[in-house]
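Asker: Here TrEMBL flags 88-238 as domain 'Nose resistant-to-fluoxetine protein N-terminal'. Residues or ranges marked as signal peptide in TrEMBL: 1-27. What TrEMBL records for 251-276, 365-384, 396-425, 458-480, 519-539, 546-567, 590-607, 619-639, 659-678, 690-710, 730-755 is transmembrane segment.
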Amino acid sequence: MKAKMCRKLPFISVIFIAAVSFAVTTAQESTSSSHVTSSSSSSSSSVVAANFTTTKNFNDIQLINDMLDLFNIAHLGAQWSTVQNMLTKKCGDDMTKYFYGLEKRKLWALKMNDASGHYSNGFLYGNNYWTGSYRLCDSIYIDEQNTKMLDRPKGNSEITSINGYNEKSAVKHENPPFMPTFYVVKLRLNDSEISPSPRIISVAACLPYDCTQKDVTTIAEHAEVARNTRDLTVIDVKIGLKEPYDFWNDFVFQLVLAATVFVGFLMVLGTSYDVFLTMRYNNKCKVKDLNSESSSGIGCTTYDLSSSSPDKKNSAIGISIPAEFFETGIFEELILSFSVIANWRTISDKSVGGDTISCIHGMRALSMLWIILGHTCIILAKYADNMEYRRYVETIYAFQFIINGAFSVDTFFFISGFLVSFIYFRSNAKGKLEKLSKGLNEFTAGTLHFFGLLAYRFVRLTVPYMYMLGVVAVVMRYLAHESVFDMPANDAENCPKYWWRNIFYVNTLFPVKDMCMLWSWYLANDTQFYIIGAIILIVAVKHFRIAAVTVFVFLISAWTTTTYIAYTNGHMPHTDDPFALFDKIYDKPWTRLGPYFIGMAVGWILFKTNCQIKMSRTAVYAGWTATSAIMFGLVFGLYNVELSPLVAAFYSSFSHSLWALAHAWITVACSTGYGGVIDKMLSAPIIYPFSRVTYCAYLVHPMVIRYFTLTSDIPMHLGSGTIITFFGQAIISYILAFALSLAFEAPVVTALRILSPNQKHRVS
């Protein structure tokens with residue numbers, strides 16, 4: 001009966017509409033382009049006809065590919081006698097050989113020219129990356145044994161035989177008289193005829209290895225055909241691609257490698273010990289079964305390692321072997337906490353406790369997918385050859401789901417606040433906290449509880465966090481050295497320099513330009529909220545009114561501060577880039593506090609009512625209707641709407657809290673029996689494993705997106721295929737998230753449970 005009372009599908013409907021938008025985007029673009037072309041053709045035909053008779057000839061026509069001939073080796077060769085004297089001797093000599101090779105049409109010289117970047121198309125649609133082919137340039141020089149290239153293809157495929165990579169064609173391959181290498185020249189083009197604002201263009205150049213950065217700058221300055229007619233400036237030359245990145249000279253890489261090897265050893269040791277105990281148990285079980293046949297006829301059941309339903313009463317590590325068959329001390333249990341078998345069984349378990357709010361799992365997993373989708377679109381748009389496509393899709397109604405993806409993080413804040421409050425009050429009611437502070441006065445007991453909560457959270461989050469921080473520092477340094485693209489952030493420099501801000505979770509208090517792991521702003525804010533929330537919860541046990549007033553004051557202060565900052569900075573949600581005021585609004589804790597405290601309030605309500613709230617049919621309908629209206633309004637409500645500065649400021653301030661209120665209703669309704677089909681979908685057992693690795697997926701996924709984007713030879717292309725890219729990166733992110741959780745998160749959680757004062761251990 002209660003399932004019928006809920007007909008609204010706010011969260012799932014939003015997901016469905018976003019998916020449909022990707023499918024129709026290409027068709028809409030095609031229709032729109034045809035209409036625009038038809039309209040522009042009819043309107044311009046009269047102008048052409050009017051001026052046709054005044055045209056003497058067409059000798060002055062200049063095509064855009066001529067206007068954008070920014071790196072022309074032939075033009076450079078025409079003035080080589082002058083330019084050569086401006087270069088270092090070795091570079092000048094090698095470039096002379098290069099020109100000779102082009103003149104004689106040597107294959108290696110043609111490959112060098114072909115590997116360099118040239119204007120092809122799409123400049124007026126946002127193509128700023130003329131990256132050529134780094135791999136082609138890198139593959140030109142092959143030694144006599146054909147073993148120079150580490151990454152070249154092998155075999156007798158059509159491609160390898162054409163490029164001269166296999167052994168048969170290696171004999172015919174003619175090497176250049178010098179080692180070629182890849183440079184990326186960044187140019188600033190200021191030409192109002194083809195672009196209303198200056199454009200930064202990255203042009204790749206396959207040139208001799210011995211040319212310095214200054215040499216390449218000089219070459220680029222003289223290789224542009226129409227340089228005298230336009231403002232063109234060389235602003236940077238990337239030479240990092242000349243030498244391979246040396247991991248072994250990177251101290252951070254050495255630390256990451258050492259941590260990986262050490263934890264890997266513990267995982268092998270713990271898993272082996274787990275298997276040993278299981279085999280010993282099964283052997284004893286067989287003996288007991290034989291004895292039982294001659295007595296009572298009651299035996300024991302052999303233990304299956306693949307079992308997914310362990311009896312967790314016997315051990316903090318969750319293995320299901322009865323205690324009478326073996327005894328373990330704390331040290332043995334700590335070793336077993338690294339067992340891949342036990343940890344995988346815990347993560348993949350499709351059951352939850354009877355007192356668990358299961359709909360939280362669905363909220364968490366779906367929000368994580370939303371975050372991955374948003375970050376995928378952001379990174380791909382930054383390195384796309386059709387950046388203007390983003391302007392087009394932003395006008396599509398359903399695409400507002402992507403634009404407003406920041407609300408997904410508010411879901412995380414709400415869930416975090418809810419779980420902290422609900423679990424704390426429930427643990428206190430069971431007397432678990434009193435055991436830890438028995439005989440202590442109120443202040444001392446409260447202080448002990450606070451530092452206990454803080455220590456547990458710090459250790460649990462920081463171990464996988466710091467490991468990933470090291471991985472990010474190494475990978476981003478590698479990409480900065482090897483990629484043809486500029487980095488989206490300066491992690492290669494910031495992480496080794498400012499890692500301490502991350503470990504103390506205060507990085508959001510510093511400028512974003514100095515931040516390591518930009519997406520870690522959420523972890524910093526959540527930890528800061530946790531510290532404040534823990535103090536409030538401890539006070540609430542004895543002085544609830546004081547705690548309630550404190551929460552109210554914090555909420556009012558956060559809303560007021562956000563309104564003031566948004567208004568004074570003229571922030572316009574929807575029309576502004578969501579990261580335009582990242583330092584002032586987006587990542588600051590005082591602007592994101594609302595959802596966390598709303599979650600804490602909901603946790604207290606469900607604890608006090610024991611998840612048993614009676615509501616009339618009218619109240620249920622009203623609740624779901626209001627929730628649907630709020631969520632759809634926040635995601636799609638600003639479509640083609642212009643707000644006044646004051647209204648925009650209020651929206652920036654209250655929208656995040658309104659989103660949390662909508663999730664508050666979903667949580668209350670689902671946990672009290674009024675969730676209907678929404679509760680069934682959010683509580684589906686298949687979601688539980690993905691929900692349990694959400695934290696690791698959040699840590700990993702930006703690096704997956706960055707790596708696959710920045711290791712490409714060519715820029716990305718926005719379109720309906722973006723959704724395929726999203727699915728691929730989401731799958732890889734979760735595979736790595738499971739691995740990270742098995743290695744660094746699950747063992748830490750289990751070890752903390754073992755070391756907990758409330759945990760009873762078997763003493764060997």
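Just so you know, glycine gets a Cβ as well, placed from its N, Cα and C.
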Asker: Per the 3+ Cβ pairs under 8 Å rule, pairs at least 6 apart in sequence, do the transmembrane segment (396-425) and the transmembrane segment (590-607) touch?
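Answerer: Between the transmembrane segment (396-425) and the transmembrane segment (590-607), contact is present.
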Asker: Which bits of the chain, at least 6 residues beyond where the transmembrane segment (730-755) starts or stops, bring a Cβ under 8 A of a Cβ in it?
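Answerer: Result: 263-264, 266-267, 270, 316-318, 330, 333-334, 337-338, 340, 342-344, 346-347, 369, 372-373, 456, 459-460, 463-464, 467-468, 689-690, 692-697, 699-701, 704, 708, 761.
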Asker: Under 8 angstroms, Cβ to Cβ: which one of 458-480, 519-539, 546-567, 690-710 has the largest number of such pairs with the transmembrane segment (365-384)?
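Answerer: Top-ranked stretch among 458-480, 519-539, 546-567, 690-710: 690-710.
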Asker: Could you check whether the transmembrane segment (590-607) packs against the transmembrane segment (690-710) - three or more CB pairs closer than 8 Å, residues at least 6 apart in sequence?
Answerer: no
Asker: Could you tell me whether the transmembrane segment (546-567) and the transmembrane segment (690-710) are in contact, taking contact to mean 3+ Cβ pairs under 8 Å with a sequence separation of 6 or more?
Answerer: no
Asker: Looking at the transmembrane segment (619-639) and the transmembrane segment (659-678), are there 3+ C-beta pairs under 8 A, with each pair at least 6 apart in sequence?
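Answerer: Answer yes, regions in contact.
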Asker: Within the same chain, where does the transmembrane segment (458-480) have neighbours whose Cβ lies under 8 angstroms from its own Cβ atoms, ignoring anything closer than 6 residues to its ends? I mean 6 or more beyond.
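Answerer: Distant Cβ neighbours of the transmembrane segment (458-480) are 240, 245, 247, 250, 252-253, 255-256, 259, 487, 489, 491-492, 495-496, 499, 502-503, 516-517, 520, 523, 527, 695-696, 699-700, 703, 706-707, 710-711, 740-741, 744-745, 748-749, 752.
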Asker: In the predicted model, what is the mean pLDDT computed over the domain 'Nose resistant-to-fluoxetine protein N-terminal' (88-238)?
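Answerer: A mean pLDDT of 79 is what the model gives the domain 'Nose resistant-to-fluoxetine protein N-terminal' (88-238).
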